[in-house]
């Protein structure tokens with residue numbers, strides 16, 4: 001310190017103090033957003049919407065992900081595709097052409113500007129809206145959808161801030177409309193089989209889970225003017241944390257009955273250095289290209305640890321940058337054994353097929369024969385034909401429509417969407433506070449303690 005000139009030292013000290021003040025203000029704002037607010041309506045746990053003979057559907061966003069939903073909906077019975085909205089004419093034309101080729105009526109089309117979706121929402125012949133837009137639009141569009149008297153089905157993540165999560169929850173409770181974040185991985189064959197096994201006690205009392213989104217997506221940086229990379233790349237310059245937690249976390253949460261007898265209590269998070277995106281840009285783009293002018297701050301690998309109120313632990317990882325095979329981990333450990341994914345393998349002490357729990361059993365067929373989930377037994381072949389991430393997309397949409405047409409509760413509610421999505425911002429808060437733990441908001445306002453556990457869905 002003696003080498004620092006007094007004036008520079010005072011400047012440095014002032015800057016440090018200002019930084020601490022800013023950090024304290026941010027943490028104070030976060031702390032105030034954690035506390036439950038006065039309830040504007042009533043809980044939507046177990047919400048059942050009036051039965052619909054035919055579900056009338058509107059789509060906001062029919063580009064990459066949205067078009068895949070349009071394709072899947074064309075295979076479903078009991079639905080009418082009433083209207084679509086997007087800001088890009090080419091993807092609108094593609095969606096309309098596909099719908100007409102499937103011998104369905106031509107939908108109404110809305111475009112022109114970023115707010116054209118409001119014209120779609122003003123219609124009185126739409127029951128549900130499928131939202132597949134860039135992340136920052138998810139919460140506002142879901143809120144406006146419910147305000148317009150429609151059920152919202154939104155892509156992941158549901159929201160990007162704690163306050164947005166509360167706003168979506170509050171709107172669902174006030175309007176008594178469904179807001180389901182469409183976590184498709186919960187409907188994968190392996191994930192549903194494991195849910196079935198957990199509910200039948202195969203792994204004993206649950207202790208620990210591991211979830212991840214490990215998916216090398218640097219190539220999306222080459223999508224400059226349109227498609228996912230044209231907007232998703234910039235999130236690596238805005239935040240440092242787990243940008244995309246729900247694909248791995250959703251299934252593990254349902255195994256553990258999160259928000260239905262247990263809930264997330266607190267989280268701590270760490271990130272590696274942010275190196276890979278800049279290196280990729282340097283290698284793949286000219287030196288003066290915009291991708292080389294960006295400052296990438298999101299750590300290449302983020303690892304967060306969650307503690308539940310019942311004392312269980314969950315590791316959640318995010319890595320869309322390093323060169324490695326795809327994985328969601330999908331590990332669930334109990335007092336009697338463990339399942340782990342990528343590749344699928346099982347070890348149990350009692351109730352298995354004679355193998356030692358000291359070695360992995362990687363022969364899944366006998367486990368499928370015994371524990372394959374009722375949903376996959378019912379529509380698995382149809383799902384495999386129609387596709388969508390191995391069939392999970394079709395199963396999810398089929399199940400959504402089934403529940404709406406038969407007056408059943410959806411498998412995922414607004415509290416799930418908020419709890420799984422908020423890991424994004426909580427991981428950032430923890431990182432900004434030297435990886436100290438941060439508290440999860442209780443979006444159920446205590447109702448998790450009496451909520452009915454999630455059973456073997458669709459059984």
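First residue shown is number 1, and so on along the chain.
Cβ coordinates come from backbone N, Cα and C, glycine included.
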Co-listed substrate-binding residue [Swiss-Prot; alongside 213, 232, 244, 245, 246, 247] among 117, 296, 326: 326
Rounded distance in angstrom between the Cα atoms of residue 136 (NAD(+) binding site) and residue 247 (substrate binding site): 18
For residue 64 (NAD(+) binding site), the one of 213, 232, 245, 246, 247 that lies nearest, given that the binding-site residues are compared by Cα: 232
Which listed residue (244, 326) has most other Cβ within 10 Å, given these are binding-site residues: 244
Residue 156 (NAD(+) binding site) and residue 247 (substrate binding site), Cα-Cα, nearest whole angstrom: 8
Lowest local Cβ density (other Cβ within 10 Å) among binding-site residues: 138, 232, 247: 232
Integer Cα-Cα distance in angstrom, residue 138 (NAD(+) binding site) to residue 326 (substrate binding site): 26
Annotated NAD(+) contacts 64, 65, 86, 135, 136, 137, 138, 155, 156, 184, 244, maximal Cα-Cα distance (Å, integer): 23
Neighbour-count leader, CB within 10 A, binding-site residues: 64, 86, 136: 86
